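As recorded in Swiss-Prot:
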- 430: active site (ACT_SITE)
- 429, 433: Zn(2+) binding site (BINDING)
- 81: N-linked glycosylation site (CARBOHYD)
- 270: N-linked glycosylation site (CARBOHYD)
- 1-19: signal peptide (SIGNAL)
């Protein structure tokens, strides 16, 4: 567990633990179709691993069963009087977990929002499961016998009229497909593909309703409209395959409320890359309307306890996370805003780091690794306004396959109190502990930053990434930055010196580590050195204003992202529990691997300036060396 220690604040702050430092209106959406009145209610139940192991231990499955058979037995045991079918998408993930999905049926007709998913562990036992099966009264008669439902063409007209879809049915004809009671419409215009219809049940308000599921792809909206099978101008529910979300937050690059105002951010996930293929609100199996998804589960935790699953999260069926904040409010009054900000910052950092190389195989934090390696099932649990402390923050990093945990605290250093969730630098610092602990020594070993100097670098990396990300386009080599200044309400921040390339402003060199006996001071020295690295590379390659890096021949084309990439790659190369010299060498090696050593001299200029010169010899006593390599 790591925190962001407030150096020099022992007398000023009541530290209990070691540590750091208008709602959008519903209506016509910008994408054209307002589906909010038609969204399905949430009915899913989920049994996590601990609960599952206690619930299903009495089940006895034959050793001859494959994982699909085992999953099927669980469903039959849970709902012995119900009918269902196995969905043909079962697979075994790279983490060894088998995934099987089932659809409930009635009279051979799908209940479209009644599902059961079973996950089978490597040992052949049920690992977890979830379901939304309908448990009410089933229809007594088979509707296919009487066929007292409307023609599918009428359902298409009903969907178009009720939802005002930009589709012209003209002389639409329903052409039967191979699947029973499934049709494709010919003779329409306005949709990107021929509309479709399928007869299905849905569960709503405790009852089953027979509907035509009308599928229309109109570009900005790809809709499944559930039209009543008899009253075809009644649309019960609508699903949109095109996900959209709005967040009112301090945008990426704004470190805290002193640097700007909250703004509306739309669909920020990096779906054009591969960092968040399920957006931020899905994990490939479940979609959420709260601040939870494949990468992050963000919630409040006022009690400070270990439980998080059922803690409060903002919930928006329309994915409009728009809440108010002003500096006169107490943290409790803006907890929705704070949780949303934490969710936004951590997800954005996840996507940035993914582009730089912190992927599934490298041990990143994701529930579903989507077949790309690594252990999975280990998204980051991020607690906002955690009640277990104040004036601090921390992050716990177990090995790959187990959840990381971030605890963000309120700060009693100002009136009203301030929320660390609103200072991006603190959030980024903490998440970087997860990065460095997963990369140094490999994702299966979280014990490679335990020695004093190595642990100090763990703190320094956090400050480095926090500072690199907050740089502004008009900053120069002479720009200085502090850490934790807003949250701590402390001019000059919580470190001994601000981060600066000016030796008078920040005189730290490697030799200063000699007299230090705690990780945060050592970390400030390491981050000071990396700040020199950062600006030398920006001076060489410029600084992009884009959130995501642009790559040329595999390397970021701008200096800021190149620095973040080389530092990250260096973590993967260095030994378990490295010292400064080994970390320096690993960064140089990372540049050799990435750019064939094009930046060696710019890097060594930074290291030698702060005492880690070419002729430095590591020993019990740290003595500065300011020499440059002969070939520079």
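Indices start at 1 and increase along the chain as displayed.
Cβ coordinates are placed from backbone N, Cα and C, and glycine is handled just like the others.
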Which site among 429, 433 has the most other CB atoms no more than 10 Å from its CB, taking these as binding-site residues? 429
How many whole Å apart are the CA atoms of residue 429 (Zn(2+) binding site) and residue 81 (N-linked glycosylation site)? 53
Out of 81, 430, which has the highest number of nearby Cβ atoms, where nearby means within 10 Å of its Cβ, if these are the recorded positions? 430
Integer Å distance between the CA atoms belonging to residue 433 (Zn(2+) binding site) and residue 81 (N-linked glycosylation site): 50
